[in-house]
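According to TrEMBL, the feature active site, 4-aspartylphosphate intermediate maps to 385. What TrEMBL records for 385, 387, 790, 794 is Mg(2+) binding site. Taken from TrEMBL, the feature ATP binding site covers 385, 386, 387, 507, 549, 573, 602, 682, 683, 684, 764, 770, 793, 794. The compositional bias 'Acidic residues' annotation in TrEMBL covers 485-494. For 43-100, the entry in TrEMBL reads domain 'P-type ATPase N-terminal'. Among the features that TrEMBL reports, domain 'P-type ATPase A' is placed at 142-275. Annotated domain 'P-type ATPase C-terminal' per TrEMBL: 817-1044, in sequence order. As annotated by TrEMBL, region 'Disordered' applies to 477-500. Look at TrEMBL and you will find 97-116, 300-320, 326-345, 851-871, 877-899, 929-949, 955-976, 983-1003, 1015-1035 tagged as transmembrane segment.
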């Protein structure tokens, strides 16, 4: 019995431990899965719900969450403690509302703003989650909400509908068994992607047959990479079983949009496990340098306040409950740190954002992060992407090189006449004597006979027209689904109605060029493509295999069979680095690639190889075998393809130009003159990057360029760094691999050397490397960095930088949505930094220090007052006077400082050297802060002593005289600080003065109305105000005369 009891106890204990462990290990590991078609109930695991959730908080966490975000700042926490102390009777000074009203206002504004954002997020999520989709069941179609979709469901998605979860593509309404999807929300690319349905399910006669077969999909575990997928499709109810390998082209990822036809897919990943959610990184909250500096100053002020309170208690002689008195003094002097600082700065930031968006010189600019506009005025490093940022990402075909002869833009008509001639010959031969054709072909293929230029051009153009992944798309006019075949055929080949879709603009440029010389791509599906010759004849080719371009292989290939002759040819094109070892020996390729790269052209090498039927069959068997393997599939497939890539015949070298964006050169020069160091980080190859750096004047004409040799180990890196150290004032060009090695062994030395360079170009950079370089600069230099880019691959760099700028580009909106500021053209960055960056920083610095001055002056008066009245901890001004002083009486003039500017925008752009001063941070430093402290102490002392000297035995008059003089002094000080007047500033000054005078009538408890309206009151107030302000005006005038700041020299 006892043993039974103990085992039960142990079991219970074990269960409890397991539960606890399970709760602690909440993050579930992701697993591979087997998914049966249309049978969600057969899933062994419980998979996440397919609901989108972008909210930061829920009902319970909202208030604590927002409060934590607010009170983690020293400033706000300090106010909370002071306000709470007022509930203790012995510490109570004045009215509760004087402390709680400002704090409550700040919190209310923040809460409302967060709540509005949260409600918007909730509504957006709800809208997405309640979108209806058709689900296929045994009983037919039913409508389900997006959030109710499960793993294993068969979902039908119509054209232009969002794909709700990650699916395997089973069927489509398109005849060719493929469809296009738009992926701009996933990877930032605007071109369409071709997706292919699983052959076995596409061949089924009707939609309902999906339930009559027994089949399952094996899918690997969910992962981050959106460009790869491995899985298998198996149909069990046939003999033998049907196995099909699944790759990335059979997948439909969530958040993409169907661009053609209707698709049916089986869901394999939902909710948190979908690729789009796994790839969502939450951007860090960026805090500006100015905010950090102000935070440091407030801590210094707090220290001063505590010291002042201790001095007061010490002068009292630590009598009685001195500890309580100490705290009362701390509360009395709490105005040293003004609560309105945060409010004023936040409102100021919003105002700067509004001004940036309203600037007509930079239309379309959007401020997405309103907390860091001042950062734009403090930048030292600008890290920029190349393609689409400095260049337009619009490709133009410029050069065709055949080894012995080269054609440029001015000689393209020769190519055209050769093509017309060679196709005319072929068609004539066909008409005359069909028997001759095979012999001609053989003589052309045998390498012994030297080919004529005409036949070589023919071969090269044909290869460029066949070897690509471009699809011609025709807009359908009028008829929807009921189009007749003849109408479709008529519409198909009209030239003006055709647009090309491909995964890179280079490909489209090549196909457009073959069209211009007479060989036009008119149709393409999964298994075939058609070309139209200059005479209008259609050539058909069957696509047997296609090997897509990857960043590892740097090449793409295609195997086609010509319909008329049955010849099988393997065409391949790629980067010279990859192709040099694949093509037959030649003596011109390397040299010509170098020449083209120096001209700024992107080069591609085109080659071919003829295959016999036996060679191809052998290859196909090995290839299919490799594609079905579950382990190391990628390596096995690559090895099979490599067996074909030997001794290929080199056909030609093509050069395509990527044009620079508008005004890139003057903008880069402007930024360089402003003392900003520019680093270009690109995924492109070294030669292209170097030549764009020269053509864009990133590197000035007379500057030497040091190309960092490829290094792979510590010793090589050491030697190369030493070689680089001997060079002076030269630009650095380095590749991503060499950079990786240098950072592994000599991080500090490398960054130190690179930072001395006027310009740095890093080529072959991966997105993570770009972000790593940004972080390196932040750690080693402590300077502010700015990243600018336009594609999905720039997002990590933009989020890592202190200030991220996105350009709405050809590659989509992903970068511009992730950035803090979004612009439409690169040239706008000049005005954004020189004008708006300057103004935001200067204005915030002036505003912050002035608000602090406003608090310090009243604390000085309190200190003088207390020390004269036997160190009593009694407030000088009570209740409404204190609230009014911080708000209605001085708020508008002080806030109007956000309209101030020291230099006209035209001047700031004409003399970018002015920007260098800002990066030193002299507008807000301990030096300027101390000057303001001295001003506050001087003015506070004069105001208080003056009032005490001039009052006539009644305490009431001290308050009236000193407070009126204080308000006037503040208004005059705002006028002293302003550098350029704006009509709103004048309105604010007079409005505040009017408010004060009007309110005197209601403040009977503080002011004696009969005394205020007398002459003595007026002259006493005027005298005190004059003494407090006149010396400062004189000092300012003398300073402007004998040591003017650099900007005033220009404006005069």
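Any Cβ shown, glycine's included, is placed from N, Cα and C.
For the transmembrane segment (97-116), the list of distant contacts is 57, 62-63, 66-67, 70, 76, 79-80, 82-83, 86, 334, 339-340, 342-343, 878-879, 882-883, 886: same-chain residues at least six beyond its ends, Cβ to Cβ under 8 Å. Of the listed binding-site residues, namely 602, 764, the sparsest Cβ surroundings within 10 Å are found at 764. Stretch with the largest number of CB pairs closer than 8 A to the transmembrane segment (877-899), among 300-320, 851-871, 955-976, 983-1003, 1015-1035: 983-1003.
In this model, the domain 'P-type ATPase A' (142-275) carries an average pLDDT of 90. Proximity note: of the listed binding-site residues (549, 602, 683, 764, 793), 683 have a CA within 10 Å of the CA of residue 387 (Mg(2+) binding site), given in sequence order.
Long-range contacts of the transmembrane segment (326-345) within its own chain (CB-CB distance under 8 A, at least 6 residues past either end) are made by residues 73, 75-76, 78-79, 82, 85-86, 91, 93, 99, 102-103, 105-106, 109, 291, 294, 298, 301-302, 304-306, 308-310, 312-313, 844, 847-848, 851-852, 854-856, 858-859, 862-863, 866, 873, 875, 882, 886-887, 891, 894-895.
Between residue 793 (ATP binding site) and the residue listed as 'active site, 4-aspartylphosphate intermediate', the C-alpha separation comes to 9 Å. There are 29 other Cβ atoms within 10 Å of the Cβ belonging to residue 385 (active site, 4-aspartylphosphate intermediate).
Secondary structure by DSSP for the domain 'P-type ATPase A' (142-275): 23 helix, 52 strand, 59 coil. Other Cβ atoms within 10 Å of the Cβ of residue 683 (ATP binding site), summed over all protein chains shown, number 21.
Of the recorded residues, residue 764 (ATP binding site) and residue 385 (active site, 4-aspartylphosphate intermediate) place their C-alpha atoms 11 Å from one another.
When Cβ neighbours within 10 Å are tallied across all protein chains shown, the highest count among the binding-site residues 387, 794 belongs to 794. Same-chain residues lying 6+ beyond the ends of the transmembrane segment (300-320) with a Cβ under 8 Å from its Cβ atoms: 74, 78, 326, 329-330, 332-334, 336-337, 852, 856, 859, 863, 866-867, 870-871, 873, 926, 929.
Sequence-distant neighbours of the transmembrane segment (1015-1035) (same chain, 6+ residues past either end, Cβ-Cβ under 8 Å): 935, 938-939, 942-943, 946-947, 950, 957, 960-962, 964-965, 968-969, 972-973, 976. Sorting each residue of the domain 'P-type ATPase N-terminal' (43-100) by its DSSP state yields 29 helix, 0 strand, 29 coil.
Residues 850, 853-854, 857-858, 861, 876-877, 881, 885, 889-890, 893-894, 896-897, 939, 943-944, 946-948, 985, 989, 992-993, 996, 1006-1008, 1011-1012, 1017, 1020-1021, 1024-1025, 1028-1029, 1032-1033, 1036 of the same chain lie 6 or more positions beyond the ends of the transmembrane segment (955-976) yet place their CB under 8 Å from a CB of it.
The binding-site residues considered are 549, 790; of these, 549 has the fewest other C-beta atoms within 10 angstroms of its C-beta. Restricting the recorded positions 385, 549, 602 to those with a CA within 10 Å of the CA of residue 794 (Mg(2+) binding site) leaves 385, listed by sequence position.
Distance noted between the C-alpha atoms of residue 602 (ATP binding site) and residue 790 (Mg(2+) binding site) is 19 Å.
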